[in-house]
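Enquirer: Got a structure for you, written out below as structure tokens; questions coming shortly.
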Amino acid sequence: MSHPGWIMVSFLTELLSQSSKGIAQSLDNCANDTEIINALLKDSYNKHYIPSHPTHVRVDMWVQEVTSVSELTQDFEIDLYINEFWEDPALVYEDMNPCKRNISFDDKVLQRLWLPNTCFINSKSAAIHESPFKNVFLMVFSNGTLWTNYRMKLTGPCDMKLKRFPFDKQKCYLTFESFNYNTGEVRMQWNQPYPVILLKRIELPDFKLVNFSVIAVEQMYPAGWWDELTVAFVFERRYGWYVLQGYIPTMVTIVISWISFYLGPRAIPARTMLGVNSLLAMTFQFGNIIRNLPRVSYVKAIDVWMLSGMLFIFLSLLELAVVGFMSRNEGLPPKVKKRKRQEDDDEGFSWKSMQTSPHLELRQFWVDKRVNSLRNDSAVPPVEDYAPMELEQPYQNITKRREKRKWMSGLRKKWRAMRELRPETVDFYSAIFFPTAYMLFNISYWSFYLTSLSEYFDEDVNIDQP
């Protein structure tokens, strides 16, 4: 009598043997790729017939590389893979005993199938890579699902806003839609959960990709409504180059222009040369930066910096002119200085009027009144016959003249005080005022532009994705 364990082992061995024979027989009888595609694409298949109304097309994108972002042409170049998925009931082959559940083909077979005819409608240029053959991939699944993949190089538009240049962020767009079919025939949608995938971290010499956003909208055309899938890439500018090549050199140039405050009022030629050279250096640095930028009509952050620096240098030249004017008599003999000072006093004499008492002015008023009456052959009435307002008029005129003399006297005192101010004093206060004002400007400038770098966009997706 056999042991029950051996009976069980014999049974399992026979079962495995029969299963292996069945699998081998099944593989021998399965339909290969050529048989399946020939059977599917026979005369009954019509590539112009829409699989369903509407056909739902799911789209996702793999970003391979961004090669450039240009301010002059306001566009960017990108290499990407675009994937499309849809179902075609005419291509179901599950009942054909296929050897594989999915079959891969090239673009030659793809041209024999119905396609949603999608494209990037806002691209400036687009091309499918050919290295060494056309980079088009087609996979047909046994349940009738199709997957197409194109490796493309595109040039898309960017919405350049340079008000914060070089501390700016730029947004570039690509819009994908079916060129031939409206929403009644083809519905487009992003493939979830990851409609856009970065194959690597995108970093350029002057930009880095920090965010992207996707959106799906319906756009109205004369022929109906179309689904549009838009992806927006957010690039943040790397401003280190501009700090090293623009901001720091201009700071040094402005500081050099302050050296003239310490050279003294007698070194006018050297101070003039220093100020003019600083202004020319600022102009050259400004032109070297903006020559690679578009000619926009608004003020950029770099413009504020450069123009403010030019203003500081120009004000230092004005201070030099004031010092030169104040020290124009320096080095002259004492007698010549005294004569010059006397001439200045004589020029200022025109500012003051004769000091007369109110009684003398009132007497002069009545004398003039009598003379005019005699010239007109008319009798001069006594004072009692004048109206009160007529008697108050000379006193009002006297008051106005006295106020005018007082104002002119104060102005003359200020002029004398300015004349007594020494050029060394002006240089001393300028050496304090200019660095302090420039430091306050720097605090305001960097606080405003560096704290307002963040621009918020709807549906932003962080690039750190699984």
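Along the chain as shown, residues are numbered 1 onward.
Each Cβ is built from the backbone N, Cα and C atoms, and glycine gets one as well.
Keep in mind that this is a model prediction, so the values were computed, not measured.
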Enquirer: Which one of Asn211, Asn376 shows up in Swiss-Prot with the note N-linked glycosylation site?
Expert: Asn211
Enquirer: Membrane side check (same topological domain name in Swiss-Prot): Lys300 and Leu450?
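Expert: Both are annotated on one side of the bilayer.
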Enquirer: Out of Asn102, Asn397, report back the residue that Swiss-Prot marks as N-linked glycosylation site.
Expert: Asn102
Enquirer: Of the residues Asn32, Asn442, give the one that Swiss-Prot describes as N-linked glycosylation site.
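Expert: Record annotation (Swiss-Prot, N-linked glycosylation site): Asn32.
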Enquirer: Tally the residues of the topological domain 'Extracellular' (291-304) by DSSP class, grouping H, G and I as helix, E and B as strand, and everything else as coil.
Expert: 4 helix, 0 strand, 10 coil
Enquirer: In sequence order, which residues at least six apart in the same chain have a CB under 8 Å from the CB of Cys158 (disulfide bond)?
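Expert: Counting only residues 6 or more apart in sequence, the Cβ neighbours of Cys158 (disulfide bond) under 8 Å are Val69, Ser70, Gln74, Asp75, Phe76, Gln170, Lys171, Cys172, Tyr173.
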Enquirer: Where the distance is taken from Cα to Cα, which of the glycosylation sites Asn32, Asn102, Asn211 turns out closest to Asn143 (N-linked glycosylation site)?
Expert: Asn102
Enquirer: Measuring Cα to Cα, tell me the gap between Asn32 (N-linked glycosylation site) and Asn102 (N-linked glycosylation site) in whole angstrom.
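Expert: Distance between the two Cα atoms comes out at 11 Å.
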Enquirer: Checking distant contacts: for the topological domain 'Cytoplasmic' (264-272), what same-chain residues at least six beyond its ends satisfy Cβ-Cβ under 8 A?
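Expert: Those are 317, 320, 323-324, 326-327, 330-331, 423-424, 427, in sequence order.
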